Amino acid sequence: MNLLIMGLPGAGKGTQAAKIVEKFDVVHISTGDMFRAAIANQTEMGLLAKSYMDRGDLVPDEVTNGIVKERLSQADIREKGFLLDGYPRTIDQAHALDQSLKNIGIELEGVINIEIEPTKLVERLSGRIIHRQTGETFHKVFNPPADGYDEKDYYQREDDKPESVARRLEVNIAQGQPIIEHYRLAGLVHDIEGDQDIEVVFADIEKVLSKLQ
Ligand code: AP5
Ligand code: MG
């Protein structure tokens, strides 16, 4: 399957993507994760991306389109299919994606759109913790690690500080609507209620994906 997962920052894209990958064995492509890896490796692209990400702004389209296009051209995509998380984030990125997929002869099959009130998201992002070793995402209150946790084994994302969160929400609300409309016109969008327990959200997604398979 070739899929997008969309939703505002903190909607649960990464959380649900991990479950989708486990169950349906598609390749997870998260542009945010790719930029964070580039930052950790101190590449030139990482340094550039960091200046935008820390503020909560979008990395310029030409950079983002380039890394996605290159990733989509790799062999595992054709074998397994993909789940793009956090891309496209502007209507120009959506057009670039359409063109890239056309060029490689792959068709988009579905868009999972996780819907949730923006007011709920600040709490989600401020409580998010990520395991240093595995990279697995948890939440201090809503989804704590099963055996309790030691603060030093976890970190919080730089852009989860309040100033960046406010900007991320503002940017993504403004840019997101035309993208959803673009895919709605193509009949690809499946709306999922995001303000439910993680397992319930996943059950709703599973129902949609089982029909697409
Ligand atoms: P990115 O990494 O994509 O971040 P984001 O879109 O802001 O989304 P998040 O990863 O913060 O949230 P999520 O929806 O994955 O939620 P999660 O599952 O973690 O992008 C970061 C930055 O990179 C951007 O701001 C931009 O600068 C740059 N970038 C990336 N892509 C780009 C692009 N295409 N173009 C330009 N720039 C780009 O869940 C959040 C928390 O809530 C967790 O703690 C989780 O445990 C908890 N939670 C999840 N689901 C539930 C639930 N159902 N109930 C209760 N708690 C829940
Ligand atoms: Mg994420």
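Every residue, even glycine, has its Cβ placed from backbone N, Cα and C.
Those TrEMBL annotations? Automatic predictions, nothing curated.
Per TrEMBL, the features are:
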BINDING   Gly10, Ala11, Gly12, Lys13, Gly14, Thr15, Arg128, Thr137, Phe138, Gln196  ATP binding site
BINDING   Thr31, Arg36, Asp57, Leu58, Val59, Gly86, Tyr87, Pro88, Arg89, Gln93, Arg157, Arg168  AMP binding site
REGION    30-59  region 'NMP'
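This view paints the features noted in TrEMBL onto the structure.
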residue: Gly10; record: ATP binding site; DSSP class: coil
residue: Thr31; record: AMP binding site; DSSP class: helix
residue: Asp57; record: AMP binding site; DSSP class: coil
residue: Tyr87; record: AMP binding site; DSSP class: coil
residue: Phe138; record: ATP binding site; DSSP class: strand
residue: Arg157; record: AMP binding site; DSSP class: coil
### Query
Around Phe138 (ATP binding site), how many other CB atoms lie within 10 A of its CB?
18
### Query
Taking only the binding-site residues Thr31, Val59, Arg89, which one has a CA atom nearest to the CA atom of Arg128 (ATP binding site)?
Thr31
### Query
For the binding-site residues Gly10, Gly14, Tyr87, Phe138, which sit with their CB under 6 angstroms from an atom of ligand 2?
Gly14
### Query
Hey, what's the widest CA-to-CA gap across Gly10, Ala11, Gly12, Lys13, Gly14, Thr15, Arg128, Thr137, Phe138, Gln196, the ATP contacts in the record, in Å?
17
## Note on the structure
Among Gly10, Gly12, Gly14, Phe138, i.e. the binding-site residues, the one with its Cα nearest that of Tyr87 (AMP binding site) is Gly14
### Task
Let me know how many other Cβ atoms fall within 10 Å of the Cβ of Gly10 (ATP binding site).
27
## Note on the structure
CB contacts under 8 angstroms to Val59 (AMP binding site), restricted to the same chain and 6+ apart in sequence, sorted by sequence, are Thr31, Phe35, Leu48, Ala49, Tyr52, Met53
### Query
Of these binding-site residues, Arg89, Arg128, Arg157, which scores lowest on Cβ atoms within 10 Å?
Arg157
### Query
What's the longest C-alpha separation between any two of Thr31, Arg36, Asp57, Leu58, Val59, Gly86, Tyr87, Pro88, Arg89, Gln93, Arg157, Arg168, the listed AMP-binding residues, in angstrom?
25
